[in-house]
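Okay, structure first, notes after.
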Amino acid sequence: MLFFTGMPLFLMELSLGQYGAAGPITVWKCCPLLKGIGIGMLCVSTLVCLYYNVIIAWTFYYLGSSFQSPLPWSCDALHNIPLCRNKTNITQSPSEVFWNEKVLGVVNSKGLHDPGPVRWPLALCLLAAWVVIFLCMLKGIRSSGKVVYVTATFPYFVLVVLIIRGATLEGSLNGVAFYLTPNWVHLANAQVWNDAASQIFYSLGIGVGGLLSMASYNKFDNNVIRDTIIITIGNCGTSFFAGFAIFSILGHMAWRKGVPVGQVADSGPGLAFVAYPEALALLPGSVFWSILFFLMLFMLGVDTLFGNMEGICTAVMDEFPQLRSNLKHKTLFLALLCFAFYLMGLLLITDGGIYWFTLIDSFSTSFGLIIITLFMCIGISFFYGVNQFCQDIVDMICRCPPWCTKLLLYFKACWVVFTPFLLTFILTYIFIEMYRTSLRYGTYVYPTWGKALGVCMGAFCCLQILIWAIVAVSKESGTLKDKEYFYSERIVMNNSVAETLYLTDSDSPIHRVRPQSLY
């Protein structure tokens with residue numbers, strides 16, 4: 001999945017952004033027919049930002065609670081002693097009670113139709129999270145780039161510390177063995193491939209516009225092929241490395257409980273906010289380890305949200321350049337954007353907010369994201385031309401080493417054949433599973449109207465491709481054969497390559513705030 005979808009799509013987005021020196025909307029001036037791909041990316045990114053900062057708010061809440069001794073979700077806390085003593089009829093662990101009752105308040109809600117009141121401690125945490133994002137992004141890509149030096153490197157330090165600590169615990173090897181032992185039978189299950197694709201898309205940030213926006217600030221001759229190999233392999237290597245920190249401590253937790261590791265392992269929010277905190281509470285010095293873990297989660301969350309928010313901001317500022325040049329207007333725009341996200345996010349921190357969170361999480365990056373990336377791949381390969389796109393990459397790198405040229409043949413084959421085929425296969429399975437299975441959170445089964453609402457969210461994102469293609473066609477005069485969408489003129493000056501893309505309604509090229517770029 002990494003080599004046939006992750007790497008090719010990652011390189012495609014990086015190359016588009018770097019060569020076009022524009023955000024996910026403006027970059028499609030080279031082919032207005034595909035402008036809806038950029039709009040769709042913006043819609044997906046908006047939905048992800050809406051619910052992702054709620055995770056950071058939960059992390060803030062747990063981080064603040066970690067300064068209590070004993071931890072409020074441990075058996076040492078006074079209010080949990082009766083629950084831990086009654087081991088025969090226990091239905092929920094102290095960490096599950098803390099998560100469901102104290103944090104979420106989901107026990108007070110009947111379902112999606114009954115959100116209930118806003119949980120104000122979480123509302124304050126969410127506000128703090130958006131204030132942090134606003135301050136970090138205020139001075140633009142240069143400022144947020146410096147922040148990423150901390151947010152991206154600190155988690156590695158924490159992972160190393162957690163792995164060393166986990167290796168000293170009784171039963172940790174059982175957890176590592178469970179982590180490394182493959183179950184080959186599951187490879188025949190299409191759901192496994194669907195989950196693998198979701199992991200690759202989510203971890204690499206493909207299809208949400210953040211990659212494209214970040215790459216637009218690169219130097220024109222930056223080696224995107226080298227960056228693609230280093231980042232994608234490094235990303236997956238980090239995920240594999242992090243597994244040892246997680247499962248070594250889960251193995252100790254299973255040993256303490258006398259159950260198989262599979263019974264304590266969880267997925268989604270349950271792993272980060274139920275299973276792992278419960279495992280940390282069993283360690284000596286649990287307060288320190290809990291603070292370290294949730295501080296790492298906070299750094300990772302902020303780091304992830306930077307990319308999505310940068311995609312939105314770059315797209316809007318490319319369409320309205322006066323926002324970029326005027327600091328006062330830019331500050332006001334960022335403040336209104338973050339405040340709007342905060343107000344919309346309040347729905348997700350009500351008593352029934354976890355039901356809405358799960359709904360958006362399940363459908364925002366589902367079939368809509370796959371369709372957007374599929375059309376991006378097909379559009380570049382067959383509308384723009386895969387040979388022209390490969391030549392653009394060679395032009396950017398200038399002194400392209402022989403290994404780069406050979407790798408381009410591999411990526412070319414992926415863009416034309418393998419990647420579209422795999423995306424179509426995954427998309428087909430998603431639609432089949434969507435029809436056959438019900439959406440659940442715990443024991444709660446979502447009503448039909450709730451599932452339909454989620455489908456509408458995903459459809460709204462990918463329908464932007466069709467809508468803006470129709471708009472592009474309707475703006476052109478003449479027959480379909482006469483409606484040419486590629487307006488490019490190759491300019492060679494002082495042995496440097498630049499590209500000028502002219503708009504249909506203007507004689508001026510698209511302006512960008514860096515030299516030697518695609519205008």
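Each Cβ is built from the backbone N, Cα and C atoms, and glycine gets one as well.
TrEMBL entries are annotated by machine, without manual review.
Sequence annotations record features per position, and here TrEMBL assigns Na(+) binding site to Ser203, Asn235, Leu300, Asp303. Sequence annotations record features per position, and here TrEMBL assigns disulfide bond to Cys75-Cys84. Annotation comment: TrEMBL describes 1-17 as signal peptide. Residues annotated as transmembrane segment in TrEMBL: 39-63, 118-138, 147-167, 200-217, 229-255, 275-300, 332-357, 363-386, 407-432, 452-473.
Known features from TrEMBL, placed on the structure.
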residue	record	Cβ contacts under 8 Å, 6 or more apart
Cys75	disulfide bond	Ile81, Leu83, Cys84, Pro94, Ala281
Ser203	Na(+) binding site	Asn235, Cys236, Ser239
Leu300	Na(+) binding site	Thr151, Pro155
Asp303	Na(+) binding site	Val148, Thr151, Ala152
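For the Na(+) site, the Cβ centre of Ser203, Asn235, Leu300, Asp303 serves as reference, and the other residues of the chain with Cβ at most 8 Å from it are Ala152, Thr238, Thr304.
Taking pairs at least six residues apart, the transmembrane segment (39-63) and the transmembrane segment (147-167) share fewer than three Cβ pairs below 8 Å and do not count as touching. Only sequence-distant pairs (6 or more apart) were considered; of these, at least three Cβ pairs between the transmembrane segment (275-300) and the transmembrane segment (147-167) are under 8 A, so the stretches are in contact. If you draw a 10 Å sphere around the CB of Asn235 (Na(+) binding site), it holds 17 other CB atoms from the protein chains shown. A contact links the transmembrane segment (363-386) to the transmembrane segment (200-217), because at least 3 Cβ pairs that are 6 or more residues apart lie under 8 A. Taking residue pairs at least 6 apart in sequence, the transmembrane segment (147-167) and the transmembrane segment (229-255) share three or more C-beta contacts under 8 angstroms. Between the transmembrane segment (118-138) and the transmembrane segment (332-357), three or more CB pairs separated by 6 or more residues in sequence fall under 8 Å, so the two stretches touch. Long-range contacts of the transmembrane segment (452-473) within the same chain, counting only residues at least 6 positions beyond its ends with a Cβ under 8 Å from a Cβ of the stretch, are 32-37, 39-40, 43-44, 47, 359-360, 362-364, 366-369, 371-372, 375, 434, 439, 480, 483, 485. Other C-beta atoms found within 10 angstroms of the C-beta of Cys84 (disulfide bond) number 14, with every protein chain shown included.
Listed as Cβ neighbours of the signal peptide (1-17) (distance under 8 Å, sequence separation of 6 or more from its ends, same chain) are residues 23, 27, 193, 196-197, 200-201, 204, 206-207, 211-216, 218, 224-225, 227-229, 231-232, 236, 373, 376-377, 380, 389, 392-393, 396, 411, 414-415, 418-419, 422-423.
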